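Read through the structure below, which is laid out as structure tokens, and then see the notes.
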Amino acid sequence: MFNVVIVRYGEIGTKSRQTRRWFENILMNNIREALVSEGIDFKKVEAKHGRVLVRTNRAREATEVLTRVFGIVSLSPAMEVDAELEKINKTALKLFRKKKRELNLEKPKFRVTARRITKEFPLKSPEIQAKVGEYILENEESEVNLHEYDIEVGVELMEGKAYIFVDKIRAWGGLPIGTQGKVVALLSGGIDSPVAAFLMMKRGVEVIPVHIYMGEKTLEKVRKIWNQLKKYHYGGKAELIVVKPQNREEMLKKIKELGKEKYTCVLCKFMMVKHADRIAKEFGAKGIVMGDSLGQVASQTLENMYIVSQASDLPIYRPLIGLDKEEIVDIAKKIGTFELSTLPEDEIPFIPKHPVIRGSWEEFRKIYMAIFGEEPRKRDC
């Protein structure tokens, strides 16, 4: 029934004409990539008057996939017809009846919303709304209600065509991936780090996922998490990078001998950031993403995050810093990573009973020198 998907974007529309065209082109490329990767045939993807039109006979399936493409605010599977009142009326009635059956309503309340994006059509928007609404009332048991409606019939007109729809499906918004550069995201296998990576993707950033190896069970879990996140990563090309640290056992043995086991978590995170820093520079990434939420665990106090941040001179982004655990879990459930994050994983045998809560850089520096025989790096800014 539907032959086109109307794609609406948000922030892109606030850009200058030249910048907007660049964003639109990246968005359209990401749309094409998403459809091809999901095996959905389409005839054309084009930008017109602040909209992107996806011409496909599988509009419902395409809409479901495209809700996961960042930069899109909402979508509508629609029927494109010539901008003639009779054709508009008949198509609107057809879609109204279909929606009425789906909702299983005998006398639905409805309204018609029309917009002339270009002005060739002789009737003004309120007149179109009145004509289409009148036609539906004459031919179908229904009631007009502009505020408390069951069905909204949308009509958009541009360049001699009318696009009629009855659904407006919300997407994630944000910016198209590929418009804001690259970052390395540390993925531990927990609930938080996938959400942090997701939120950076949402802002148009290509993510390079890095996992610091803890065991096969955890690695398998992280692979599943990344495969789920890739469903939102259209426009990004990176695959999971696994780092197997050398001499970790020796490092942990030495910190125990020093009687400074309370710094174990801070030291391990410091070393993780060092690995991420190396990979980020290798790939030309402009920062490192971590799933820290302020005060959630001992290693995520301001003092301890300050120490960990010294391991790289790149910016360290913590998009969850102001979120409660419940808010993070809610996002994880929506994006499909929560259940995966709660799968069994390898036990971590070296977590101290009493981890340091407010670590000191000077004390950490002495521990680091005693273990590695050199000064830890300290960021320049």
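Just so it is clear, glycine is given a Cβ too, placed from its N, Cα and C backbone atoms.
Among GLN180, GLN300, only GLN300 appears in Swiss-Prot as part of the ATP site alongside LEU186, LEU187, LYS269, GLY291. Listed in sequence order, the residues of the same chain lying 6 or more apart from GLN300 (ATP binding site) and placing their CB within less than 8 Å of its CB are ASP292, SER293, LEU294. Looking at LEU186, LEU187, the binding-site residues in this record, the fewest other C-beta atoms within 10 angstroms of the C-beta turn up around LEU186. For the domain 'THUMP' (60-168), DSSP puts the residue distribution at 41 helix, 34 strand, 34 coil.
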